[in-house]
Every structure is written in structure tokens, then in C-alpha cells.
Amino acid sequence: MSWLDKLLPPKIKQTDPKSRKGIPEGLWIKCPSCEAVLYRNDVEANLHVCPKCDHHMRIGARERLDGLLDPEGRYEIGQEILPVDALKFKDSRKYPDRLKEAMDETDETDAMVVMGGAIHTLPVVVACFEFAFMGGSMGSVVGERFARGAQNALEQNVPFICFTASGGARMQESLLSLMQMAKTTAMLTKLSEAKLPFISVLTDPTMGGVSASFAFLGDVVIAEPKALIGFAGPRVIEQTVREKLPEGFQRAEFLLQKGAIDMIVDRRKLREELAQLMALLTRQPADAVA
């Protein structure tokens, strides 16, 4: 027995590994900002916002939609649209192999989920990026699901909301992915002509072709706190201009200060804030909204 073993009380000595077999893995999460060790269930109940420092962690598309939409009357749009390898693209790995890996890891078929439903009884269509699926990259499926979501909003005469979380256009689809920038913005023109609100919610990260196309075209542009928002990443810009960028450059607070976005809203207050905005923009009563 070492001198340390003699000093340590029996209760805090290392537990026998055999006695830990019944403890499930993944019970704890470490906050990437303040590094606090947090109980996973508490973090999930808090919509993946750190209760210690209010850092907004990344959240899955379906989990976000579950916390946003009313439980009744939800329906998914465009889930039957699946990705194809039209260009037979291959870098270090084949595109179908990357797709299969992403599908297995996320249980999604591509990087966007679109649902119709209601927020505080106000009807709406919501598109939500899944960043865990190939970095939320925008390819043909994402563009088509976005377009069908906007079309559904037109047919139902309801507002359209999009939560962005993307690294940009999908490299493996080349020109086809770049075409989605034009496709998505064209659909928003139809919404504008019909005088239907489009609300864009920028989450961490919103970059590349997504930020350069529809992300900033909302009638109201909202961002989550400290979200990274821009076209090229800060390291790429620094290497190009050979200068040190200002502190907080490309963060939501910096963009709000420069007038590039309209407001920053805490994720835990987004449901109520969106309902109030929808009621205001559509001139409907929002009596149910707290």
C-alpha cells in the first residue's frame, strides 16, 4: 500500500472497475466553453444550453423541432427525397460511402428536416439543418426540401422559418450544390410576392453558400448567441489579408453591432419570440403566447 492509499479515506478511493459495469456511458457532457461537467439529462432539458455559462451547444434538427413546434398536427415534408451520386464523385472516399456513414451516424437521410405544424397554435412551416450530417452541407436534397417547404407554406398561406447550421455547399455535388443557392432564393421571392413572412434563424455555424444565399434574406434575421456566421472562416481570411481580425469577428454579437442581423435571441426564448413575430407579421392575435 502506497502512502497515498493510506491518506485517502475508503469512500473516495478508486472504485473497482467491476462495480462500474452497471453505470451507462454518456451520462455526462463537458461544456466546450466553460468546461463544466454537466448531467446530460439536465442539458437536454435546457435545450442544450449550458446552465453554468449559457453557451449554446449544437442541437440536432429533430430535437430542435420537438422543442419548437406544438405536439399536435405535425407533418414532415420531403422526407421521400433521397441523395444520389449523379456525378460519380470521389475524393479520398466515394460519395455514397460518405452518405452511408452520415446516415448511420445521424439516422437522417440528408442534412435538412422540414416540418409543418404550429407554434403556440399559429400555423407555420419550419426547415431545420442537421449539422451532424456532413457538416450540414447543402446539396440537391437540401435545396429541394427547402423549396418544397416554401411551396407548402405558399399553399397553406403560412409563414416559413429556417434554422441554418451549415458549412456551406456540398463539395461532392459540385455545380449541382451551387445551383441550390439560386433555387432557394427563387422560392423566397415567391414567398415575398405572396406577402408571407420568412424568418431566418442563424445558428452556429452558418457559413459558405448557405450564408451567401438565403440565410440573410429573412424579413427578420435572428441569431443565437455567439453563433459563428460568415462566408469564409476567420483563419482563411487572416491568411488571405495577412492581418489579425478583431476579437469576436463573425460572431452574432459583432454582426448585430454592424447591423447585419436584427436580433439575438436565447434558444430557450425562441419559441415565444417566434410566435410573437409571426403574430405581428401576419396580423393575427397571439393571446396564447406568454
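Glycine is treated like the rest: Cβ placed from N, Cα and C.
Note that the structure is predicted; figures quoted are calculated from it, not measured.
If you look up Swiss-Prot, you'll see C31, C34, C50, C53 marked as Zn(2+) binding site. Taken from Swiss-Prot, the feature domain 'CoA carboxyltransferase N-terminal' covers 27-290. Summarising the annotation, Swiss-Prot assigns zinc finger to 31-53.
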**OP:** Give the sequence-ordered list of residues that share a chain with C50 (Zn(2+) binding site), lie 6 or more positions from it, and have CB atoms under 8 Å from its CB.
**Re:** C31, S33, C34, A36, L38, V43, H56, M57
**OP:** Select one residue from C31, C34: among these binding-site residues, choose the one with the most other Cβ atoms within 10 Å of its Cβ.
**Re:** C31
Original post:
Mind checking which residues reach the zinc finger (31-53)? Cβ under 8 Å, same chain, six or more beyond either end.
Top reply: 59, 63, 67, 266-268
Original post:
Are there any residues in the same chain, six or more apart in sequence, whose C-beta is under 8 angstroms from the C-beta of C53 (Zn(2+) binding site), and if so which?
Top reply: C31, S33, C34, A36
Original post:
With DSSP helix as H/G/I and strand as E/B, how many residues of the zinc finger (31-53) fall in helix, strand and coil?
Top reply: 6 helix, 4 strand, 13 coil
Original post:
Can you list, in sequence order, the residues of the same chain other than C31, C34, C50, C53 whose CB lies within 8 Å of the CB centroid of the Zn(2+) site?
Top reply: P32, S33, E35, A36, L38, P51, K52, D54, H55
